[in-house]
Amino acid sequence: MAPEASPERSCSLHSCPLEDPSGSSGPAPTSTLQALDPSGPLGPGHFAYPRAPQEYQEGSSLLGTGDQAALCTHGSNRSPSPASSQRDGVWKPPSVQRHVVSVRQERAFRMPKSYSQLIAEWPVAVLLVCLAVILLCMLAGLLGSQLPDFSNPLLGFEPRDTDIGRKLEVWKALQALTGPKKLLSLSPDLEPNSSNSFGTLSPVAWGRAQESLVRARRMVEPMEDKGQDSFFCGAPDKSYAKLVFVSTSGGSLWNLHAIHSMCRMEQEQIRSHPRFGAVCQRTATNECCPSWSLGNYLAVLSNRSSCLDTTPGDAARVLALLRSCAPYYHRGVLVPSCLGPGQNKSPHCAQVPTKCSRSSAVYQLLHFMLDRDFLSPQTADYQVPSLKFSLLFLPTVKGPSMMDIYLDGLAEPRLVSDNYTSISGMDLGIKQELLKHYLALDTMYPLLALAAIFFSITLYLRSLFITIMVLVGVLGSLLVAFFLYHVVFRMAYFPFVNLAAVVLLSGVCVNHTLIFFDLWRLSKSQVPSGGLAQRVARTMHHFGYLVLVSGLTTGAAFYGSYLSRLPTVRCFAIFMGTAVLVHMALTLAWLPASAVLQERYLARGCVPRAQGPRGGSDPWRLLLAVHRRLRGFRRAAAILSRLLFQRLLPCGVIKFRYIWICSFAALAAGGAYIGGVSPRLQLPILLPAGGQVFRPSHPFERFDAEYRQQFLFEQLPADEGGHLPVVLVWGVLPVDTSDPLDPRSNSSLVSDPDFMPSSPEAQQWLLSLCHGARNQSFFGSQPQGWPTLCFVEALQQWMERPACARQGADLCCGQADFPWAPELFLHCLKMMALEQGPDGTRDLGLRFNTHGNLAALVLQFQTNFPYSPDYGQIHHFYTEVSRWLAAELGRAPPGLRQGWFTSRLELYSLQHSLSTEPAVVLGLALALAFATLLLGTWNVPLSLFSVAAVAGTVLLTVGLLVLLEWQLNTAEALFLSASVGLSVDFTVNYCISYHLCPHPDRLSRVAFSLRQTSRATAVGTVALFASGVLMLPATVLLYRKLGIILMMVKFVSCGFASFFFQSLCCFFGPEKNCGQILWPCAHLPWDAGTEDPEEEKARSGPVAPGTCSEHYELQPLARHRSPSFDTSTATSKLSHRPSVLSEDLQLHDGNCCARPPIAPASPRDLLLDHQAVFSQCPALQTSSPYKQSCPNPKTWVNQNSQGQEAEPLQALPEVPAHSPKPQAEELPDGLSSSASTLEGLSVSDDTCLSTSEPSARVPDSMGASPEDLDDIGKPVPERGQLNGKRDTLWLALKETVYDPTLPNSHQSTSSWKGRGGPDGSPVVLPNSQPDLPDVWLRRPSTHTSGYSS
């Protein structure tokens, strides 16, 4: 930490020392650094470096066009001092600087020669092009197609394009096209024909039709006794709105307080509403009818005018009456036909006591108002029976008219509850309308989730501009995907669930954004002297590879869901997969251009810090104090995060890899057992239209799930349309011509060209089919008026009737020879249909076209299989009927072999699809993910391990969903199909980082990948988990389940990727070329520096004399410096000389630069001229104009500028591996900083690995003071000495900044600071000779991964 006497300037990304203004005088030389105008486009703190045209060369390490990040040490608004240097108190003329290479040459335009150079030099143009593409696609998508219609959000959840689904669609089309003046009719003459109700009933409506007939007979029968029954407006009906009351305290509702509470609640919350009078049923006196409630029935049986007037005695007397009449009701004797004083009653009605059948009140109480367990045969002997639920029928028809009443008086739980009772279930008929209302109202929860995601990006990056650009990128990707979806793919239907792509794509985006800026900061810290083009190239080398593999894998996983037969799931798969691929392509240009734009134009300039504790006003001091406190917190958070992700996590994963593999494998196996064996995901029991759409505690959902079965009138008796029918169809092929991706489209009919029912063989086969069906075990009794299966028998009976003579005695009557001629058969069928058509009540199964010809046969019969939501029972029915029909069609004549059957199979079709498709979809998604990973990495083990981690994530997620009591409904199938795509990205992060690691051994690569990407992965997981939590309070189940699946998948995926995948790599991870599909001329990251010397020498060819065949990099600077070293640096700094920038510093061995013998050295001996060290070997000054040839290959000598020889150069001994580690400096970006130094990613530095890296620990070069050289007993370090334990040493140098305002005694602790990371400055090797330039070092960039380890 610098003392107070040395003020600094603070930048957003770096700190800049304030220069001494006393050293500026006279005009500045033209070859020195010049500051730009602060009002210019680059802003303060960015400078241009003019370059001499004759010194420019392509591929050099000098800063090129677009490299705007410059050193803050040269960033003052004044010109540098004209004095070049000072030696022995004599100032030398600046003529020595005329040969110095300039850094930049201004040009009006230069064609970019690489993608990174294009991004670095033209970021605004790249962003404008991307915006133009987005706007054009948005306009084309919105104007070229209709806007999405979300009026029916549950549309599209029925299976299409399946065998059962196609038959159901054709059957619905056949029903819709049959009737008067339509394509098909029941008789050949359309004019006299009247529509037959049974001909156009859908399979779902069969039971409803029978139920309505019985309901009219049982519930709306007129009562002869109008005494007590005149109080109500008829009997309760299922079409009326219903409310379910329960006791608040959990006791029985059969007490006076609870009964009065129900009456008051109805009056206050419902009848007092202004809209109630407009929607209620009215009496003859134009008053609203009373409700059918327990209190009103109690008042009727007790002759009270109101339910509030009843007494405890009335309740006791009615309970006694019900107790005596309940046995007759449960035995089925007390039925509507026995009620009233009428004389025409069934004989069994004589068993019913008169007090029970005098009025309908007793029957209606037991049948409608009270739950099934009250006074049942099991509880009839209880002294005090318990009434758990009581139903109330409102005199209003269910439907949209109840919407306002519900929202104003019944939506809030506090309004429908008091100390005695509460309304816990409702059936108002507004479930679909309320769903659309809450879909719009609950949109705030997904918006809060998006806000949490992007707030985490802002907090991590501390940049609002980047967050806005990322948000624009996500929205732009969705708009382009919408254009491709509608215009290119010609998709007409846009389901509501496609909007979930906004949240899911944001989850993919946050991962890419955090990884990119971690790599961006890492590249900046490793190559501080490099410009923006080099930084973009290094960053995109890793990030572009990661985004391509991650985007393609995620998109392929989403596209795999297209295998589903649910139109909504298929549409979502296409849109989400397209959005991921578009976002991948946009990210490769949008994100780096935004980073360059912020770095160049929007980074804050240096602002002076406060000059003392009393500087500024009180509010300013308060803000500064708060800022210092927040800075301290950020520093602590950075230290903790660095400890966790750089030390503890790699150590924990590697040391406990046995435990992680066993634990996560057991979790995956347990999830597979729970989800697939027992208790497994349960199939739905309701169709999507009547399924669950709100949270389970919602009154509408509780009525459907809990209370509907508690009342006996809701049960459908076996003789009231509850059996499954069989519909046999000939003449129409089961071909669905509608769009399988658009549930709004309807199918047309495709006629069978081979249909021929009139041949003698066909007549005999149809008659035998009728007889054979009657002999089957599933053939049930046929209700009166039901369509017939045996129309041939009906024709025979019609021919034998006397009425036949009136239609055509000479043709059809008296024809006993069977089979008949085809013409006679068709003629008699038409005659019978004409007679049956206008007056008949039976559907004969004949369908005639507009020309009067027989076009189709539709034969129906009732089975003895009761309708059930159980998948096993319906599957048994479908299998048995299919087997029987297949056997019969095998014996059919050619004209009738194309027949098929259907039934009430809507729910079974959905259950059958959901029982088989999710496993197939997930398997295909995993296979596509494996193929994409294999194509991206060309490494088989890594691809297998990645897919194993993704599969474990999916299996454990399924098991957790079963434990949460989820059903495998349509929404669950949608999210499960998306789970593979959601769980891929974290695993791909580690996979690519492992693959690009330059270390050949697996443990080092595991530690490398964890250090490089674990922090961004953890922050992304926390952000997505928080966004999922924010969606849990939503009322709409779709939003809640989206939040749950987002939390669960991301959390489980992070665990499997960080621990299971990495542990697998610790054991079986590929080393070097293991498992790699090699291609010719392919180079891997770990191949550099690991070849055999003979092979390398043979490959490189013969070595010329005087050259070096082996290259070594410098080891880090020694920790011990002499005081004269500070003096030389100070002299160089005060001279303001531009230094020479050297990019490829390589230490040659052999004939070029022989290593001198090690000899004791004093501190004075350590002060050697840098010119002697760096110029004697040509490789050490590749860019220096002072380059000289090696005069002596055996020894290094120190020469000054006059050619005088100095003392021999002594080599530095290697630094002991146990040397203490200096205190880590504060990272400028706090928690958001990734490993910003080479040491941060060094696998061999401070890790728990002892075998992963054989080399000694690389010490840090910062933090040492010159006084440390005076310590007695410590060896004097030598310079330029390789440690002998490794072939390549990475240069871990940091800029040494000298403060001229302080004495030399303070330089050890205050002015020697590690720079070279965030401020973009190069590493400087100060020269001890004042007349020679410094050497600027650029960090090496030869590794394939782009990052040092």
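Indices start at 1 and increase along the chain as displayed.
Heads up, the Cβ atoms here are built off N, Cα and C, so glycines get one too.
Listed features, source TrEMBL:
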- 21-32: compositional bias 'Low complexity' (COMPBIAS)
- 74-87: compositional bias 'Polar residues' (COMPBIAS)
- 1124-1133: compositional bias 'Polar residues' (COMPBIAS)
- 1182-1204: compositional bias 'Polar residues' (COMPBIAS)
- 1231-1254: compositional bias 'Polar residues' (COMPBIAS)
- 1302-1312: compositional bias 'Polar residues' (COMPBIAS)
- 448-597: domain 'SSD' (DOMAIN)
- 1-52: region 'Disordered' (REGION)
- 67-92: region 'Disordered' (REGION)
- 1119-1138: region 'Disordered' (REGION)
- 1182-1349: region 'Disordered' (REGION)
- 122-143: transmembrane segment (TRANSMEM)
- 438-457: transmembrane segment (TRANSMEM)
- 463-484: transmembrane segment (TRANSMEM)
- 496-520: transmembrane segment (TRANSMEM)
- 540-559: transmembrane segment (TRANSMEM)
- 571-591: transmembrane segment (TRANSMEM)
- 658-677: transmembrane segment (TRANSMEM)
- 919-938: transmembrane segment (TRANSMEM)
- 944-966: transmembrane segment (TRANSMEM)
- 973-996: transmembrane segment (TRANSMEM)
- 1016-1039: transmembrane segment (TRANSMEM)
Which value does the mean pLDDT take for the domain 'SSD' (448-597) in this predicted structure?
93
The domain 'SSD' (448-597) - residue tally per DSSP class, helix then strand then coil:
133 helix, 0 strand, 17 coil
Where else in the chain does the transmembrane segment (944-966) make close Cβ contacts, counting only residues six or more beyond its ends and a cut-off under 8 Å?
664-665, 667-676, 679-681, 922, 926, 929-930, 933, 972, 976, 979-980, 983-984, 987-988, 991, 1041, 1044-1045, 1048-1049, 1052-1053, 1056-1057, 1060-1061, 1064-1065, 1068-1069
Tell me if the transmembrane segment (540-559) touches the transmembrane segment (919-938). I count contact as 3 or more CB pairs below 8 A, with pairs 6 or more residues apart.
yes
Look at every Cβ pair spanning the transmembrane segment (496-520) and the transmembrane segment (122-143), keep those 6 or more apart in sequence, and say whether at least 3 of them are under 8 Å.
no
By Cβ distance under 8 Å, which residues at least 6 away from the ends of the transmembrane segment (973-996) in the same chain are close to it?
497, 504, 507-508, 511-512, 515, 542, 545-546, 549-550, 553-555, 557-558, 560-561, 564, 566, 568-569, 572-573, 576-577, 580, 914, 917-918, 921-922, 925-926, 929, 933, 936-937, 939, 942-943, 945-946, 949-950, 953-954, 957-958, 961, 1005-1006, 1008-1010, 1012-1013, 1016-1017, 1020-1021, 1041-1042, 1045-1046, 1049-1050, 1052-1054, 1056-1058, 1061-1062, 1065, 1069, 1085, 1344-1346
Non-local residues, at least 6 beyond the ends, that sit with Cβ under 8 Å of the transmembrane segment (658-677):
919, 951-952, 955-963, 1055-1056, 1059-1060, 1062-1064, 1067
